[in-house]
Amino acid sequence: MANFRDILNYFRPYWKLSIFSIAATSAYEIIDLVVPYAIGQILNILSNQPLDKPLQGAIATIAETINYPVGKPLALGVLLGLIFIVTVLRAPTQPWLTSWFHWDIALRARQDQNQKAIEKVLTLPIEFYDENNPGRISGRVARGVANHTWTYPEIAGQMIPKLFRVLGIFVFIWFVEWRIAILYLISFVVILGFTLKKLKRLIWHDNRLDKYMENTESRTSEIISNIKTVKAFATEAKERQRQKLRLERELAVVENRIHRGYVRLQTWQRTVIQFCVFAILGLTLAATVNGQITLGHFIMTLTLSSMAYAELEPISTLAEIFARRYTSMVRFHEFLQEPSGVDAVSLLEERHETAESPYKFTGKVEFSHVSFGYDPSRRVLEDINFLIEPYQTVALVGRSGSGKSTLVKLLLRYFEPNQGQILIDGQDIRTLDVGNYRRRLAIVHQEVDVFNGTLLDNLTYGRADATFEQVEEACRIARLDEVIQHLPQGYYTVVGERGVRLSGGQRQRLGIARALLVEPDVLIFDEATSSLDYESERSIQLAMRSLQGTRTTIIIAHRLSTVREADQIVVLDRGKIVEVGSHQELLSHGGIYHRLHALQETGELLS
Ligand SMILES: Nc1ncnc2c1ncn2[C@@H]1O[C@H](COP(=O)(O)OP(=O)(O)OP(=O)(O)O)[C@@H](O)[C@H]1O
């Protein structure tokens, strides 16, 4: 669980600069207090009352140094000079020694943390994305980083220096009349103590609100990514109603719990503060009337205490703002603390874009007694054993949910088997560097991801140094060349977000060409021809056939026509291998494959 310490650690790399700028700002806040003091002393001069002893001493020293007689003109001159220094002269230095650093630290920390967030996004295990959609994740990161950025200058540049100022005021008043100082201190401790107690409760409600907000954002993001389904089923009104209920639930917490709570707290604070100011006025007046303090001290104490109580309101407002943001900041750290997937460090190691993987495999793949369950108590693969010889083409077939894709996910090391091992060229894949290992494999998914950029950028995504001839060759094999001919700017056509929309079949050809371009040792097709029309499917099958024997190829296919020519067909059923053999062997065996085949060929369901 993340906590306050993590928020502090966010700014840790800048702690020296941070202490310096906080100290500088606090010093300016305290120096400010010289003004009411000097004005009090001027009043004493004008009303013929004695100056404070230390000030008298200082004026005497100055008189001696400049050889000028001690008197009213010199005393007034010294006090005016003091006021000039702390007001006019400090003005040009203050922003550079304070604001500059507060924002500089906040912005630099923002950059670091955004970097950390993207590193986390890149290394989180794939199952994290099964449970959290993009809206939830990006909302959490964006809110967390923005709130840290806004909060730092407020806390370091305002709240802490203001607290020091309040402390400085206490010291000033103590020297004038300690009893008033004690009253002042007690009232501050009570007001701040009560405020913090109330804020703790409000943070609890804010936490609830933050979770509600994430749920709403997550649903909005889902609606956006599934907008075609929403429109096709005409569920706009239903979705709007659902979101309305969520927003109403948020509003109920914000208005009735959080906002009302803050307003109540402010009401209480203001009443108590005004009462204290009034009490100090009464006490100071009594002390002046009784001759315990001078007129100058009366004015100074009154001005200082009004200044101090005036600070209480911004201090509490800043504390409230911090409290409101606290939960989203903590939730950002919880995201950063999510355990990363396998070999996260090595995955982020800087590699030259064109660097070759140090591995080169013949493509002999062996599954040895592999068992796996996403939830360890529910196995989806049970004691899987099979061997793929180098350059063989192997097809994985079986009913939906039988575990074909899971097998491939294990081969790609998205997940680790609960039991058994997977070997490539005789080496356990767990002993290999995951990034370099994956770079020797390529997969074409049913849904091919397209990045916003040109077609060429997308083709060379896995291999930036590919020559144009190599790109053309890959496109030719994947039959993408036919598509490119008809695009307005050929390879330089912008696809993705704002560019040309590619059809499902075109995207798959792009996926195949992209995979071929990295010249993998093991090439995996996961339902890669599923969204192609019959003609395109045939041409891709021909392409696949031309690849046969050049590298190890694993094909997951529902349409058995795609896998007829595979060297080996592995039939899975409920997580177990039930049949292995060539097309002819499995047909003559008369098992599940035979039944599936008959169903697809003739539409008959054999018992
Ligand atoms: N991320 C996941 N978390 C939990 N269970 C999962 C996950 N992915 C798949 N499963 C379950 O694992 C089992 C095997 O799924 P898998 O996707 O490997 O089957 P498949 O044979 O590839 O199916 P299909 O042909 O429909 O793609 C199914 O019961 C599925 O519900």
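Just so you know, glycine gets a Cβ as well, placed from its N, Cα and C.
Nobody curates TrEMBL annotations by hand; they come from automatic prediction.
Note that the structure is a prediction, hence the values are computed from the model and not measured.
According to TrEMBL, the domain 'ABC transmembrane type-1' annotation covers 19-324.
Look at TrEMBL and you will find 74-93 (among others) tagged as transmembrane segment.
Feature annotation from TrEMBL assigns transmembrane segment to 169-194 (among others).
If you look up TrEMBL, you'll see 230-257 marked as coiled coil. Cβ atoms under 8 Å from those of the coiled coil (230-257) belong to residues 202, 205, 208-209, 212-213, 215-216, 219-220, 223 of the same chain, restricted to positions at least 6 beyond its ends.
Under the heading transmembrane segment, TrEMBL lists 272-293 (among others).
Confidence over the domain 'ABC transporter' (365-599), given as mean pLDDT on the 0 to 100 scale, stands at 87. The feature domain 'ABC transporter' is assigned by TrEMBL to 365-599.
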Folded-back contacts onto the transmembrane segment (272-293), same chain, C-beta under 8 angstroms, at least six residues removed: 176-177, 179-180, 183-184, 187, 190-191, 301-302, 305-306, 309, 312-313
Beyond the flanks of the transmembrane segment (74-93) by at least 6 residues, Cβ under 8 Å: 28, 31-32, 34-35, 38-39, 41-42, 45, 51, 55, 58-59, 62-63, 68
